[in-house]
């Protein structure tokens with residue numbers, strides 16, 4: 001009986017220790033996946049951005065939100081998750097498939113999905129019962145509006161090659177910012193279960 005209690009205590013300590021939290025540690029793998037996704041987006045370039053200058057648009061990336069220090073840990077996690085989810089949704093469409101090299105697009109979608117799955121292990125413990133409440137908060141709404149603007153732009157431009165190129169460049173900016181946000185979360189302790 002003493003052995004079982006010792007084992008249970010060890011498991012509890014490991015789950016709340018610096019390397020534990022039952023899988024909610026923002027790993028280096030998550031950062032590597034993020035960098036690989038940026039590399040894939042760069043490789044997806046089919047047109048010179050200079051040839052699409054007439055189609056440029058400021059989508060209003062909420063930079064201060066993803067790069068500033070104004071968000072608390074749970075909010076930052078929600079913003080990161082929403083940015084990755086919306087990026088995945090943007091590239092995981094029929095219209096997107098018609099615009100890009102299929103192999104690179106599949107690799108990008110797989111990479112984004114992997115990041116989301118890695119974050120999903122933390123979503124429940126970090127969000128708990130606050131999930132529905134946080135889903136309505138201003139930063140999440142801002143991210144959703146940002147991506148709605150991108151979808152509207154593509155539709156307005158009839159999903160032209162230049163429109164997709166402008167969006168590709170914009171998504172490189174957005175995912176680069178989300179990588180900065182991931183790094184900030186990691187520096188906050190990395191352990192998303194910690195109070």
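Each residue's number is its place along the chain shown, starting with 1.
Backbone N, Cα and C atoms are what each Cβ position is placed from, and that goes for glycine too.
Listed in Swiss-Prot for this protein:
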type	residues	note
SIGNAL	1-23	signal peptide
DISULFID	24-122	disulfide bond
DISULFID	52-162	disulfide bond
CARBOHYD	101	N-linked glycosylation site
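Taking the Cβ of residue 101 (N-linked glycosylation site) as centre and 10 Å as the limit, one finds 14 other Cβ atoms among all the protein chains shown.
The recorded positions recorded for this entry are 52, 101, 162, and the Cα of 101 lies nearest to that of residue 122 (disulfide bond). Residue 52 (disulfide bond) sits 19 Å from the residue listed as 'N-linked glycosylation site', taking the C-alpha atoms as the reference points. Ranking the disulfide-bonded residues 52, 122, 162 by how many other Cβ atoms lie within 10 angstroms of each Cβ puts 162 at the bottom.
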